[in-house]
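Novice: Okay, so TrEMBL annotates it like this:
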type: DOMAIN; residues: 41-289; note: domain 'G-protein coupled receptors family 1 profile'
type: TRANSMEM; residues: 27-48; note: transmembrane segment
type: TRANSMEM; residues: 60-79; note: transmembrane segment
type: TRANSMEM; residues: 91-116; note: transmembrane segment
type: TRANSMEM; residues: 166-185; note: transmembrane segment
type: TRANSMEM; residues: 205-228; note: transmembrane segment
type: TRANSMEM; residues: 240-260; note: transmembrane segment
type: TRANSMEM; residues: 272-291; note: transmembrane segment
Amino acid sequence: MAEINCTQVTEFSLTGFTEDPVAQVTLFLMFLLIYLFTVLGNVGMIALIRASPQLHSPMYYFLGNLAFADLCSSTVITPKMLVDVMSKKKGIAYAGCVAQVFIFDLFGMTECFLLAMMAYDRYMAICHPLVYPLVMSPKYCFQLVTGSYLVGLTNGMGQTIGMSHLSFCSSSVIDLFFCDISPLISLSTSDTTLSHVILRTSASLFGVSSSLVVLVSYVAIISVILGIRSAEGKRKAFSTCASHLATVSIFYGTSLFMYLKPSSDSSREDKWAAVLYTMVTPMLNPLIYSLRNKEVKEALRR
(Lines of atoms letter the chains of each structure in order from A and count residues from 1; the text may use other names and numbers.)
(Lines give C-alpha, C1' and ligand atoms only; values in the text may rest on other atoms or scores of the structure.)
Protein backbone atom coordinates (compact mmCIF):
# COMPACT_ATOMS: atom_id res chain seq x y z
CA MET A 1 0.00 0.00 0.00
CA ALA A 2 2.90 2.32 0.74
CA GLU A 3 4.21 1.81 -2.78
CA ILE A 4 0.82 2.73 -4.27
CA ASN A 5 0.52 5.94 -2.24
CA CYS A 6 4.13 7.10 -2.70
CA THR A 7 4.97 10.08 -4.90
CA GLN A 8 7.74 9.35 -7.40
CA VAL A 9 10.54 11.89 -7.26
CA THR A 10 11.15 14.05 -10.32
CA GLU A 11 14.58 15.33 -9.24
CA PHE A 12 17.52 13.94 -7.29
CA SER A 13 19.81 15.94 -5.01
CA LEU A 14 23.54 15.33 -5.31
CA THR A 15 25.82 15.90 -2.33
CA GLY A 16 28.83 18.12 -2.85
CA PHE A 17 32.40 17.83 -1.63
CA THR A 18 32.42 20.80 0.73
CA GLU A 19 30.51 23.95 1.69
CA ASP A 20 33.66 26.04 2.15
CA PRO A 21 33.69 28.75 -0.61
CA VAL A 22 37.49 28.75 -0.88
CA ALA A 23 37.64 24.97 -1.15
CA GLN A 24 34.85 25.05 -3.75
CA VAL A 25 36.84 27.41 -5.97
CA THR A 26 39.95 25.24 -5.56
CA LEU A 27 38.03 22.10 -6.49
CA PHE A 28 36.38 23.83 -9.44
CA LEU A 29 39.74 24.92 -10.87
CA MET A 30 41.27 21.48 -10.29
CA PHE A 31 38.38 19.59 -11.91
CA LEU A 32 38.26 22.10 -14.78
CA LEU A 33 41.97 21.56 -15.50
CA ILE A 34 41.52 17.79 -15.38
CA TYR A 35 38.59 17.99 -17.81
CA LEU A 36 40.45 20.32 -20.19
CA PHE A 37 43.43 17.95 -20.23
CA THR A 38 41.03 15.05 -20.82
CA VAL A 39 39.35 16.74 -23.78
CA LEU A 40 42.56 18.05 -25.34
CA GLY A 41 44.41 14.78 -24.79
CA ASN A 42 41.74 12.47 -26.18
CA VAL A 43 40.69 14.73 -29.07
CA GLY A 44 44.36 15.26 -29.88
CA MET A 45 44.99 11.50 -29.83
CA ILE A 46 42.06 10.85 -32.18
CA ALA A 47 43.21 13.61 -34.57
CA LEU A 48 46.83 12.40 -34.48
CA ILE A 49 45.86 8.81 -35.27
CA ARG A 50 43.72 9.94 -38.19
CA ALA A 51 46.34 12.32 -39.58
CA SER A 52 49.43 10.08 -39.22
CA PRO A 53 49.78 7.20 -41.74
CA GLN A 54 52.31 5.43 -39.49
CA LEU A 55 49.59 5.13 -36.83
CA HIS A 56 47.11 3.42 -39.16
CA SER A 57 47.50 0.02 -37.51
CA PRO A 58 45.13 -2.17 -35.44
CA MET A 59 46.60 -1.06 -32.09
CA TYR A 60 46.04 2.64 -32.83
CA TYR A 61 42.63 1.95 -34.34
CA PHE A 62 41.61 0.48 -30.98
CA LEU A 63 43.35 3.34 -29.17
CA GLY A 64 41.39 5.95 -31.14
CA ASN A 65 38.13 4.31 -30.10
CA LEU A 66 39.36 4.08 -26.51
CA ALA A 67 40.04 7.83 -26.56
CA PHE A 68 36.51 8.43 -27.90
CA ALA A 69 34.98 6.28 -25.12
CA ASP A 70 37.04 8.12 -22.48
CA LEU A 71 35.93 11.48 -23.88
CA CYS A 72 32.24 10.53 -23.83
CA SER A 73 32.23 8.96 -20.36
CA SER A 74 34.01 11.99 -18.90
CA THR A 75 31.80 14.53 -20.69
CA VAL A 76 28.55 13.01 -19.44
CA ILE A 77 29.66 13.61 -15.81
CA THR A 78 32.27 16.37 -15.45
CA PRO A 79 30.52 19.47 -16.91
CA LYS A 80 27.47 18.88 -14.70
CA MET A 81 29.74 18.36 -11.70
CA LEU A 82 31.61 21.61 -12.42
CA VAL A 83 28.31 23.50 -12.30
CA ASP A 84 27.29 21.75 -9.07
CA VAL A 85 30.60 22.51 -7.32
CA MET A 86 29.84 26.24 -7.47
CA SER A 87 26.08 25.93 -6.88
CA LYS A 88 24.15 25.88 -3.63
CA LYS A 89 21.48 23.61 -5.09
CA LYS A 90 23.03 20.46 -6.53
CA GLY A 91 20.26 18.63 -8.32
CA ILE A 92 19.61 16.55 -11.41
CA ALA A 93 16.28 15.74 -13.05
CA TYR A 94 15.12 12.13 -13.18
CA ALA A 95 15.51 12.07 -16.97
CA GLY A 96 19.02 13.48 -16.69
CA CYS A 97 19.87 10.83 -14.10
CA VAL A 98 18.64 8.07 -16.42
CA ALA A 99 20.74 9.54 -19.25
CA GLN A 100 23.85 9.60 -17.06
CA VAL A 101 23.38 5.96 -16.04
CA PHE A 102 22.82 4.87 -19.65
CA ILE A 103 25.72 6.76 -21.25
CA PHE A 104 28.24 6.13 -18.48
CA ASP A 105 27.49 2.39 -18.37
CA LEU A 106 27.52 2.22 -22.17
CA PHE A 107 30.98 3.73 -22.61
CA GLY A 108 32.37 2.22 -19.40
CA MET A 109 31.68 -1.33 -20.60
CA THR A 110 32.77 -0.41 -24.14
CA GLU A 111 36.13 0.70 -22.76
CA CYS A 112 36.38 -2.58 -20.85
CA PHE A 113 36.07 -4.58 -24.07
CA LEU A 114 38.26 -2.23 -26.10
CA LEU A 115 41.06 -2.84 -23.58
CA ALA A 116 40.44 -6.59 -23.95
CA MET A 117 40.65 -6.29 -27.74
CA MET A 118 43.89 -4.33 -27.43
CA ALA A 119 45.31 -7.11 -25.22
CA TYR A 120 44.31 -9.66 -27.87
CA ASP A 121 45.98 -7.51 -30.52
CA ARG A 122 49.24 -7.46 -28.51
CA TYR A 123 48.94 -11.24 -28.03
CA MET A 124 48.70 -11.81 -31.77
CA ALA A 125 51.55 -9.37 -32.52
CA ILE A 126 53.99 -10.98 -30.04
CA CYS A 127 52.92 -14.63 -29.96
CA HIS A 128 51.88 -15.08 -33.62
CA PRO A 129 53.70 -12.38 -35.63
CA LEU A 130 53.66 -14.35 -38.91
CA VAL A 131 49.86 -14.53 -39.13
CA TYR A 132 49.24 -11.18 -37.41
CA PRO A 133 48.60 -9.14 -40.62
CA LEU A 134 46.17 -11.80 -41.85
CA VAL A 135 44.23 -12.22 -38.60
CA MET A 136 44.09 -8.56 -37.54
CA SER A 137 42.70 -7.34 -40.85
CA PRO A 138 40.83 -4.00 -41.06
CA LYS A 139 37.53 -5.85 -41.45
CA TYR A 140 38.14 -8.01 -38.36
CA CYS A 141 39.25 -5.00 -36.30
CA PHE A 142 36.08 -3.16 -37.30
CA GLN A 143 34.01 -6.16 -36.19
CA LEU A 144 35.82 -6.28 -32.82
CA VAL A 145 35.24 -2.57 -32.21
CA THR A 146 31.60 -2.80 -33.29
CA GLY A 147 31.12 -5.76 -30.95
CA SER A 148 32.61 -3.74 -28.08
CA TYR A 149 30.12 -0.91 -28.67
CA LEU A 150 27.23 -3.39 -28.92
CA VAL A 151 28.20 -4.97 -25.60
CA GLY A 152 28.39 -1.49 -24.07
CA LEU A 153 24.98 -0.64 -25.53
CA THR A 154 23.51 -3.84 -24.09
CA ASN A 155 24.95 -3.01 -20.68
CA GLY A 156 23.66 0.58 -20.78
CA MET A 157 20.17 -0.51 -21.85
CA GLY A 158 20.08 -3.25 -19.21
CA GLN A 159 21.01 -0.88 -16.38
CA THR A 160 18.51 1.71 -17.64
CA ILE A 161 15.71 -0.88 -17.79
CA GLY A 162 16.57 -1.97 -14.27
CA MET A 163 16.45 1.66 -13.08
CA SER A 164 13.08 2.25 -14.77
CA HIS A 165 11.52 -0.39 -12.49
CA LEU A 166 12.72 1.35 -9.33
CA SER A 167 10.58 3.65 -7.18
CA PHE A 168 12.09 6.52 -5.19
CA CYS A 169 9.77 7.82 -2.49
CA SER A 170 11.40 8.18 0.90
CA SER A 171 14.60 9.92 -0.18
CA SER A 172 15.99 11.64 -3.27
CA VAL A 173 19.52 12.40 -2.00
CA ILE A 174 22.34 10.60 -3.84
CA ASP A 175 25.52 10.71 -1.77
CA LEU A 176 27.71 11.13 -4.86
CA PHE A 177 28.37 13.76 -7.54
CA PHE A 178 26.72 11.84 -10.39
CA CYS A 179 24.04 9.19 -10.95
CA ASP A 180 25.49 5.71 -10.59
CA ILE A 181 23.37 2.58 -10.62
CA SER A 182 24.67 1.17 -7.30
CA PRO A 183 23.65 4.11 -5.03
CA LEU A 184 20.36 4.37 -6.93
CA ILE A 185 19.53 0.76 -6.13
CA SER A 186 20.33 1.41 -2.46
CA LEU A 187 18.12 4.51 -2.52
CA SER A 188 15.08 2.78 -4.01
CA THR A 189 12.02 1.98 -1.89
CA SER A 190 10.73 -0.73 -4.25
CA ASP A 191 11.78 -4.32 -4.92
CA THR A 192 15.35 -4.15 -6.27
CA THR A 193 15.64 -7.83 -7.25
CA LEU A 194 15.57 -7.16 -11.01
CA SER A 195 18.14 -4.37 -10.77
CA HIS A 196 20.47 -6.52 -8.67
CA VAL A 197 20.11 -9.42 -11.13
CA ILE A 198 20.93 -7.15 -14.10
CA LEU A 199 23.87 -5.56 -12.28
CA ARG A 200 25.38 -8.88 -11.18
CA THR A 201 24.75 -10.58 -14.52
CA SER A 202 26.38 -7.71 -16.38
CA ALA A 203 29.39 -7.70 -14.05
CA SER A 204 29.77 -11.48 -14.25
CA LEU A 205 29.11 -11.95 -17.97
CA PHE A 206 30.77 -8.87 -19.44
CA GLY A 207 33.25 -7.75 -16.79
CA VAL A 208 34.68 -11.18 -16.02
CA SER A 209 34.87 -12.23 -19.69
CA SER A 210 36.77 -9.08 -20.74
CA SER A 211 39.09 -9.44 -17.73
CA LEU A 212 39.81 -13.05 -18.68
CA VAL A 213 40.76 -12.03 -22.22
CA VAL A 214 43.26 -9.52 -20.79
CA LEU A 215 44.62 -12.00 -18.23
CA VAL A 216 45.02 -14.94 -20.65
CA SER A 217 46.57 -12.69 -23.31
CA TYR A 218 49.20 -11.32 -20.95
CA VAL A 219 50.00 -14.73 -19.45
CA ALA A 220 50.78 -15.93 -22.99
CA ILE A 221 52.70 -12.73 -23.80
CA ILE A 222 54.84 -12.96 -20.66
CA SER A 223 55.63 -16.62 -21.29
CA VAL A 224 56.80 -15.79 -24.82
CA ILE A 225 58.88 -12.81 -23.64
CA LEU A 226 60.57 -14.92 -20.95
CA GLY A 227 61.49 -17.44 -23.65
CA ILE A 228 63.42 -14.81 -25.63
CA ARG A 229 67.14 -15.25 -24.96
CA SER A 230 68.52 -11.78 -25.67
CA ALA A 231 67.89 -8.91 -23.27
CA GLU A 232 67.37 -6.54 -26.22
CA GLY A 233 64.73 -8.84 -27.67
CA LYS A 234 62.90 -8.97 -24.34
CA ARG A 235 63.04 -5.19 -24.06
CA LYS A 236 61.61 -4.66 -27.55
CA ALA A 237 58.85 -7.21 -27.00
CA PHE A 238 57.86 -5.68 -23.68
CA SER A 239 57.95 -2.13 -25.05
CA THR A 240 55.23 -3.02 -27.59
CA CYS A 241 52.71 -3.65 -24.80
CA ALA A 242 54.02 -1.48 -21.93
CA SER A 243 51.65 1.43 -22.63
CA HIS A 244 48.61 -0.83 -22.87
CA LEU A 245 49.61 -2.70 -19.72
CA ALA A 246 49.83 0.61 -17.83
CA THR A 247 46.40 1.65 -19.14
CA VAL A 248 44.86 -1.71 -18.19
CA SER A 249 46.38 -1.52 -14.70
CA ILE A 250 44.95 1.96 -14.09
CA PHE A 251 41.50 1.15 -15.50
CA TYR A 252 40.97 -2.16 -13.71
CA GLY A 253 42.70 -0.94 -10.56
CA THR A 254 40.42 2.07 -10.17
CA SER A 255 37.35 0.02 -11.21
CA LEU A 256 38.00 -2.63 -8.58
CA PHE A 257 38.71 0.02 -5.97
CA MET A 258 35.47 1.82 -6.82
CA TYR A 259 33.06 -1.13 -6.96
CA LEU A 260 34.65 -3.96 -4.94
CA LYS A 261 36.21 -2.12 -2.01
CA PRO A 262 34.78 -2.86 1.46
CA SER A 263 31.90 -0.64 2.49
CA SER A 264 33.03 2.42 4.41
CA ASP A 265 31.31 4.83 6.74
CA SER A 266 33.12 7.69 5.04
CA SER A 267 31.26 8.97 2.00
CA ARG A 268 34.22 11.27 1.33
CA GLU A 269 36.36 8.23 0.49
CA ASP A 270 33.68 6.98 -1.90
CA LYS A 271 33.55 10.33 -3.68
CA TRP A 272 37.30 10.58 -4.17
CA ALA A 273 37.40 6.99 -5.40
CA ALA A 274 34.72 7.97 -7.94
CA VAL A 275 36.77 11.03 -8.99
CA LEU A 276 39.74 8.75 -9.63
CA TYR A 277 37.62 6.36 -11.69
CA THR A 278 35.51 8.81 -13.67
CA MET A 279 37.85 11.78 -14.21
CA VAL A 280 41.51 10.97 -13.61
CA THR A 281 41.64 7.71 -15.59
CA PRO A 282 40.30 9.22 -18.88
CA MET A 283 42.89 11.99 -18.55
CA LEU A 284 45.82 9.61 -17.99
CA ASN A 285 45.23 7.26 -20.95
CA PRO A 286 46.36 9.66 -23.73
CA LEU A 287 49.25 10.87 -21.55
CA ILE A 288 50.51 7.32 -21.09
CA TYR A 289 50.50 6.62 -24.83
CA SER A 290 52.07 10.00 -25.59
CA LEU A 291 54.91 9.67 -23.08
CA ARG A 292 55.72 5.96 -23.41
CA ASN A 293 55.14 5.22 -27.09
CA LYS A 294 57.92 6.03 -29.57
CA GLU A 295 55.61 5.92 -32.60
CA VAL A 296 53.26 8.48 -31.03
CA LYS A 297 56.19 10.71 -30.08
CA GLU A 298 57.53 10.54 -33.63
CA ALA A 299 54.10 11.32 -35.07
CA LEU A 300 53.81 14.33 -32.73
CA ARG A 301 57.22 15.63 -33.84
CA ARG A 302 56.23 15.32 -37.49
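The backbone N, Cα and C atoms fix where each Cβ goes, glycine too.
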Novice: Tell me, what is the mean pLDDT of the domain 'G-protein coupled receptors family 1 profile' (41-289)?
Specialist: 84
Novice: As a test: from 91-116, 166-185, 205-228, pick the stretch that has the greatest number of Cβ pairs under 8 Å with the transmembrane segment (60-79).
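Specialist: Most Cβ pairs under 8 Å with the transmembrane segment (60-79) come from 91-116.
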